[in-house]
Amino acid sequence: MRRFHPLITGTLLLTAVGFFCRILGFFYRIFLSRTIGAEGLGLYQMIFPIHGIAFALCAGPIQTSLSRLTAASPEKGRAFLRVSLALSLSIALPLTSLIYTFADFLAARVLLAPECAPLLPALALSIPFCAIHACCCGYYYGLKKTAVPAFSQVVEQCIRIFSVLLIVHVCRTNRIPITVLLAVWGLLIGEAASAVFCLLVYGCSKPAATLQNTDTHISSYSRQTRKNTTHFQYSSRSTPPYTPDTSSTTPPSQKKSAHTPPLLLPLLTMALPLMANRLTLSFLQSLEAIFVPNQLLLSGLSRVESVSIYGVLTGMALPFVLFPSAITNSLAVVLLPAVSEAQAQNQPDKIERTISMALRYSLYMGILCVGLFTRFGPALGETFYHNADAGRFIQILSWLCPFLYLSTTMGSILNGLGKTGTVFIHHTVSMLLTLSLVLFAIPRWGIFAYLAALLISELVLAFLHIHALACEVPIRLPVSQGIVKPAFCLLVSIGMLEVIPNASYLPHLFPPVLIQSGILCLLYIGGLLLLHTGTVKQ
């Protein structure tokens, strides 16, 4: 029986699990929005700058380094995992103690939101479990055993949702007030469950046999996507994963002693530059998340209004707009090793075709989402969140989609070409631009200035990525094929949808807006297939 390449099977598994977790997380967000309200969602969002910086210090870089070191020397994988766990926990535990002890100070002086103080102790307790989970995922990604990290995501999401539902039921039964703290406890319980699951699997598994040297780059991207999905990321951009140069892998002949110092040295050598990059980007994202609600105060809103609007935007509208990005995230996972392999084999034509394909499908999907969210944004906000502001924000943020998908796929290709420093600089420029607009434009124009800042910075990021690629490889994508044809298909599909009888007479198994959205997607895809078939025949 034919066996598929581990990269293909791993990517398909992660994509399927990613979609499943996003769907669970989507309904979980709807439940939270109706349970703790917009202000509660806003407060929940405001604690994640602390979480993001802690993750950048104790988990993310170590996970990526462990994944590559395990892929290069599978026979040392378990030893590398033990060293990584020791290093990660040696950072995570002091961070937990500091956040727990100085919660009031951090809330008032760093987050500029004293009302977040009761949430930080529970968040602090989740950091060691997050570190354990990240290290275990890095180990299994290095062995190309993607099933363990994938199922750990499912365990985390399911346990989190179940625990929150149980807490809500107990509170309502005993007439205990429900606060935003329940969401943070759900986060803690979910992280603890996933860490225990990974440790149990590791304890029951046998040491890995010696495998061929290979570099697996699924690890950092998948883990970061999972974080964007489960933690209601406060920006449309996620911190880009660092991708080491694929051309320099330590051969097995250069074996060292298995004692801790020789194993710790390569881990630190690889992790410290990663930590610097991620910490910089996490710091900029944190400043953005801290300043937005506080700058809204200067625009004339009250404290409750500013936190509520921030919660509607980041906890309701942005996750809705980012939901389709699961497809482009999966595409990016596939693109990175494919481009690296083509570069190693000196196949510029293959790289050109890959870039052209990524551009085309990113634009196809981005243009569809523009039409989908522009046409149905208000209805989606009212149907799922009972909030008119959420629908209005979804409608405006729809224009973010093409640039977001382009920057995701083009950034992955640049990483595959070894241009990780370039990608880091581009993201830094984009975040600094957003931060500047947040500081100077929001006090005058309010929340719409932040929406404009997200759109402008994502446009700049996509342009920088494409320009950097064009300097490396010729990019060929006719405007008619990438923009005109899909835009024409979208307009025709919307026109046809207007003359189709209303779906309200159908059985209410699904909201009418979902049925109409599905019809629009089918019409759009059918139109693209017809145009593509005609182009091929010509």
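Any Cβ shown, glycine's included, is placed from N, Cα and C.
Among the features that TrEMBL reports, transmembrane segment is placed at 12-31, 43-62, 83-103, 123-142, 176-202, 307-336, 357-376, 396-417, 424-442, 448-470, 482-501, 513-531. According to TrEMBL, the region 'Disordered' annotation covers 220-259. Among the features that TrEMBL reports, compositional bias 'Low complexity' is placed at 235-253.
Counting residues 6+ beyond its ends, the transmembrane segment (448-470) has Cβ neighbours under 8 Å at 235-237, 292, 313, 355, 359, 393, 396-397, 399-400, 402-404, 406-407, 410-411, 413-414, 417, 419, 422-423, 426-427, 429-431, 433-434, 437-438, 441-442 in the same chain. The stretch from 12-31, 123-142, 357-376 that makes the most Cβ contacts under 8 Å with the transmembrane segment (482-501) is 357-376. Distant neighbours of the transmembrane segment (43-62): 32, 36, 84, 87-89, 91-92, 95, 99, 106, 110-111, 113, 115-116, 119-120, 123, 126-127, 130-131, 133-135, 138, 180, 183-184, 220, 223-224, 227, 231-234, 239, 242, 267, 271-272, 274-275, 278-279, 281-283, 285-287, 289-290, 293, 307, 310-311, 314-315; these residues of the same chain sit at least 6 beyond its ends, with a Cβ under 8 Å from one of its Cβ atoms.
Long-range Cβ contacts of the transmembrane segment (424-442) within its own chain (Cβ-Cβ under 8 Å, at least 6 residues beyond either end) map to 235, 237, 239-240, 242, 277, 280-281, 284-285, 287-288, 291-292, 295-296, 298-299, 411, 449-450, 452-454, 456-458, 460-461, 464-465, 468. Across 123-142, 307-336, 357-376, 396-417, 513-531, stretch 307-336 shows the highest tally of CB pairs under 8 A with the transmembrane segment (12-31).
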